[in-house]
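**Q** These came from TrEMBL, pasted as-is:
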- 40, 41, 42, 43, 44, 45: ATP binding site (BINDING)
- 35-216: domain 'tRNA(Ile)-lysidine/2-thiocytidine synthase N-terminal' (DOMAIN)
């Protein structure tokens, strides 16, 4: 049975280091909790299994594993079986499901990557909820964070969301303990634990934007700056500090919001008291609360321009069928067609 004391000292220290990041930076304790681990079978998620298995005695936690077969590759059903076998080896109960990702993508007019992500999180969050888990853990690491930040830059995401995904999403109880950890350290942990992993052939397919960034753009940036991943981590930490500051400064604005017939009103009186940077942040926060669909900085800027020019009746459309309309009372956030 994999335990902290059975690992080489270097890897045991690494496990404790990640646990310290979760406890001290994210202020989350896994002691006495029920934890669902998202495991695809790749080296990153197998490292997540190894880390949690090594730490479970220290935490006194109950571990579970969830795996979703996206039905995209002929070998995926065998990979599903091997994930179950790996969990049996580690004495971790495993739950798995299958999705028809291509069919869902066609029906919803989504790309394969986006459809797979939506189905994956829907399954993972659902099984974690049904099993009464306190946390859902994924194996995203520093290389993933760099890729995500670059993808957001390409799309035109504003600050501080430009810094990349969150390590902790309280609304979804979603935790990413490896987010500031380089991928090579996860590989070393899996090798030290003597565990096997799968290689997903689709991870090298240049048809996917993330793969082009991973195999073409990111290596160039690391060549220019060998400490690029550390730079990304520093930028991410600055973004967390800025987010916390923005959240504090917008407390009064949130309290001023009013539900009206057409949606949610951000009152003009409150908007006039805020500098442009905080207005933009408030717009984005309201839109994020409305559900999926990322508001880009260009759209937010267009909305603020309409507001400052007092273009009453003018609207700006946002992804996810959301819209914002300037009115004499302020800005009303609602849904397309309302």
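Cβ from N, Cα, C; glycine included.
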**Q** I'd like the Cβ neighbour count for residue 45 (ATP binding site), meaning other Cβ atoms within 10 Å of its Cβ, all protein chains included.
**A** 26
**Q** Other than 40, 41, 42, 43, 44, 45, which residues of the chain come within 8 Å of the ATP site, judged by Cβ distance to the Cβ centroid of those residues?
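**A** Not counting the recorded site residues, we get 39, 46, 47, 48, 139, 197, 198, 200.
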**Q** Which chain-mates of residue 41 (ATP binding site) that are at least 6 residues away have a CB under 8 A from its CB, listed by sequence?
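**A** The list for residue 41 (ATP binding site) reads 67, 79, 80, 82, 83, 86, 197, 198, 200, given in order along the sequence.
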**Q** Sequence gap of 6 or more, C-beta under 8 Å: which same-chain residues meet both conditions with respect to residue 44 (ATP binding site)?
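**A** Non-local contacts for residue 44 (ATP binding site): 139, 140, 141, 144, 178, 183, 186.
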**Q** Hey, what's the Cβ neighbour count for residue 43 (ATP binding site) at 10 Å?
**A** 20
**Q** Would you count the other C-beta atoms found within 10 angstroms of the C-beta of residue 42 (ATP binding site) for me?
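**A** 18, counting other Cβ atoms within 10 Å of residue 42 (ATP binding site).
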**Q** Check each residue in the chain of residue 40 (ATP binding site) that is at least six apart in sequence and keep those whose C-beta is under 8 Å from its C-beta; list them in sequence order.
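**A** Spatial neighbours, sequence-distant, of residue 40 (ATP binding site): 67, 79, 83, 198, 200.
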